Amino acid sequence: MLYITAIAGVFVNSNRGVCFMYDVVVIGGGFAGVRAARDLGKSGRAVLLLEAHDRLGGRTWTGQFPQTDVQIEIGANVVVPEYQPEWRNEIDRYGLELISPPPPNPADPVEYRTLVQGEYKDHFPLPLYEVGEAERALYVLRDAAARIDPTKPLEDQDLADLDVSLAAFFEANKIAPATGELLGAYATGLAGARPDEISTLHVLEWIRGYGTNPAFFFYGLRNSLARGTGGAIEKMVEDGGFEVRLEAPVAAVTEADDAVTVTVMSGEAITARTAIVAVPTNVLDRIAFTPPLSAEQQEALAQKHPGREFKGWMLVKPLSRPVSCFGMSTFQILRTTRRLPEGDLLLGFGCNGVVDDVDLTDHASVQNAIRRHVPEAELIRYVAHDWVADEWINGSPRVHPPGTGQSFAGIMEKHHGRVSFAGSDLSRHFNAWIEGALWTGRVAAERAEQILAGND
Ligand SMILES: Cc1cc2nc3c(=O)[nH]c(=O)nc-3n(C[C@H](O)[C@H](O)[C@H](O)COP(=O)(O)OP(=O)(O)OC[C@H]3O[C@@H](n4cnc5c(N)ncnc54)[C@H](O)[C@@H]3O)c2cc1C
């Protein structure tokens with residue numbers, strides 16, 4: 001293609017006639033892509049964001065529970081601005097309001113059902129002789145997390161011994177069985193993969209991020225946004241002044257010396273001076289890159305990550321008491337969130353491949369999964385999205401498989417000419433959290449500015 005002029009965001013003459021060249025095309029409209037587009041739009045760049053779905057937000061999705069006025073998050077909801085600076089900035093910038101769950105009601109006490117070693121406990125879940133061991137386990141995790149220096153790339157640190165599965169780490173550190181099972185159940189519910197599938201280093205990075213305090217996960221993940229993650233995306237889009245096209249999945253990204261051509265699956269070709277690819281790593285191989293990604297990147301992407309967390313909002317006929325269930329079951333975490341006139345609204349986090357699998361499209365299958373914890377539950381209706389079956393996502397948040405936690409971000413961050421990558425899956429900061437998506441969006445936008453200024 002012969003460009004007579006290649007001035008940013010203007011009409012240019014090519015050998016195919018007059019066409020518009022954007023400064024930046026952003027591919028993928030989750031928090032990473034929207035953040036990058038917002039930053040670049042605000043600095044006056046001509047930006048087009050292409051999103052495959054018919055909505056923005058990606059693995060965040062604010063909705064309403066059917067036939068109620070209850071706002072729900074079908075994907076991410078927890079934000080932790082005290083440890084997450086990118087979120088802190090967004091919250092301050094747009095005056096976003098935070099909410100936390102109401103305190104327990106002493107007149108309607110919660111019934112705790114914790115599954116450990118095949119039995120439900122309604123009181124302290126560990127054998128008393130394991131109490132000291134449980135405390136030791138938290139110190140083991142804390143001390144291991146403290147070895148991570150967040151100011152240096154993971155691959156430059158002596159951490160290979162931690163890039164083993166959580167199951168292997170527990171075994172090597174002789175974590176007592178019931179304690180290991182409970183910690184493993186929590187990690188499974190949070191990450192959407194079994195302890196034998198998760199790199200310990202990945203979990204330790206989160207612990208390091210949350211004040212090097214493993215106990216934080218049990219009490220600190222409380223706040224969400226009053227107007228939902230969708231409210232934050234709306235503000236960023238309104239503010240950014242960039243163009244958005246929905247239902248525009250990208251098939252190919254082709255680089256030339258002075259421009260990038262992005263081809264949408266409909267066949268339309270769009271040109272820009274630089275592009276940011278912010279799609280989940282499990283679907284990155286659906287985009288054909290010319291020149292191709294490096295052999296190292298292709299190899300890293302060929303191993304799809306096993307994150308397959310599902311989250312369900314389920315209305316059941318009124319229970320005698322609110323419940324809080326926990327343990328290695330189909331839902332590792334299941335609790336009452338609201339007692340509505342029609343019934344109790346339960347929120348569950350689970351992962352297939354632990355006990356029996358749940359088919360999220362089937363009412364009876366979801367009811368069976370709930371009944372493992374709450375045998376008396378009668379499901380009325382529910383909302384859940386299968387993030388693995390979603391063709392443009394194919395997984396929940398990234399879970400680094402053992403042996404990849406130390407290297408993945410560094411491999412993916414290697415520059416690819418005029419194309420940069422973003423997304424929580426490949427973040428060095430709060431990988432797999434929205435915070436990581438926001439961080440990579442900022443970094444990719446900064447690199448795009450350098451390219452546009454001719455400095456990269
Ligand atoms: C059930 C669940 C619970 C979670 N809970 C939390 C939580 O409480 N707190 C938290 O911080 N994080 C949580 N997360 C993780 C969080 O949602 C993600 O880390 C974050 O939203 C990822 O943002 P992203 O922009 O990197 O990717 P995504 O949000 O996945 O956005 C990528 C976008 O790219 C689009 N796309 C893909 N391929 C193409 C293509 N070829 N062309 C165009 N567009 C394409 C996709 O449709 C998608 O919209 C949770 C995730 C899930 C699934």
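Backbone N, Cα and C define each Cβ position, glycine as well.
As annotated by TrEMBL, FAD binding site applies to E51, A52, V250. Its Cβ placed at the centre, V250 (FAD binding site) has 22 other Cβ atoms within 10 Å.
Positions annotated as substrate binding site by TrEMBL: F349. A C-beta separation below 8 Å, combined with a sequence spacing of at least six in one chain, links F349 (substrate binding site) to G189, L190, E309, F310, K311, F331, Q332, I333, L334.
Look at TrEMBL and you will find 31-447 tagged as domain 'Amine oxidase'.
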Among E51, A52, V250, F349, which binding-site residues lie by ligand 1, judged by Cβ under 6 Å to any atom?
E51, A52, V250
For the binding-site residues listed here (E51, A52), tell me which residue's CB has the most neighbouring CB atoms inside 10 Å.
E51
